[in-house]
């Protein structure tokens, strides 16, 4: 599943490519995603201009004029493909946004766990009301994290992945951030000291920022709208490195399951 860095890369690309473009029409080839596509999406968007593109958590928000927004979530395997001329449609091209200059944006999703909906301003505010803090903001620091973790008896990795507390830090970046901070994923969240919280907040920011600069991580499905792959996976310390030596100490990387998810860590470096 694309996590915060991948969605940020996509949002930045779309900001450069489709901001201020007028939508000529919207074609829906498959309405049956996990959450149904807004039924009158073509009527709502035809002739409208995209004023802004931004990200909230793992959602891409395209603000349309001043009254509404298109909300897109890529789910497990979704992609947004930007094309500058007509191309043959693929099997899983579910939604096609055609612009007045004949460029188009295609939502492709083999597993159909994605989301494409249109919301008015009030609906948009309510939709995002339960999401946690953005970890790349100035507000997210050691003090904030320490308060967030107080009295939380869950393991620290599961807390980092809780989007109601902190958005966008998925499995990959939780594992990598904890390694960089030298904190074991087995630790209870409430037991982290202020110094550890400060270090972890810094390393979450560093890990996410490094991943964005590298174009994200391409493991299976993820690609940028241009078709380019990300390459942050080449810089992983622990994720996917089971039975391989730690880059820091040569200890063998350990794989365990936490809350149904794979967790990779070095039990020598992380404590």
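Yeah, the Cβs are placed from backbone N, Cα and C, and that goes for glycine too.
Summarising the annotation, Swiss-Prot assigns active site, schiff-base intermediate with DNA to 2. A coil conformation is recorded for residue 2 (active site, schiff-base intermediate with DNA) in the three-state DSSP classification, outside any helix or strand. Non-local neighbourhood of residue 2 (active site, schiff-base intermediate with DNA): 10, 58, 74, 78, 216, 222, each in the same chain, at least six residues away, with C-beta under 8 Å from its C-beta.
In sequence order, 58, 168, 169, 170, 171, 172, 173, 217 are the residues near residue 3 (active site, proton donor), counting only same-chain partners six or more apart with C-beta under 8 A. For 3 (among others), the entry in Swiss-Prot reads active site, proton donor.
Positions annotated as active site, proton donor by Swiss-Prot, on the basis of sequence analysis: 58 (among others). Using a 10 Å Cβ-Cβ cutoff, residue 58 (active site, proton donor) registers 21 neighbours.
Per Swiss-Prot, active site, proton donor is recorded for 261 (among others), and the stated evidence type is sequence analysis. Counting Cβ atoms from all protein chains shown, residue 261 (active site, proton donor) has 14 others lying within 10 Å of its own Cβ.
Residues or ranges marked as DNA binding site by Swiss-Prot: 92, 111, 152. The Cβ of residue 92 (DNA binding site) lies under 8 Å from the Cβ of 30, 108, 109, 110, each of these being in the same chain and 6 or more residues away along the sequence.
Long-range Cβ contacts of the zinc finger (237-271) within its own chain (Cβ-Cβ under 8 Å, at least 6 residues beyond either end) map to 155, 157-158, 161, 171-172, 175-176, 178-180, 182-185, 219. As annotated by Swiss-Prot, zinc finger applies to 237-271, with the evidence given as sequence analysis.
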Fewest-neighbour residue among binding-site residues, criterion Cβ within 10 Å, set 111, 152: 111
Local backbone state of residue 152 (DNA binding site), from DSSP in three classes: coil
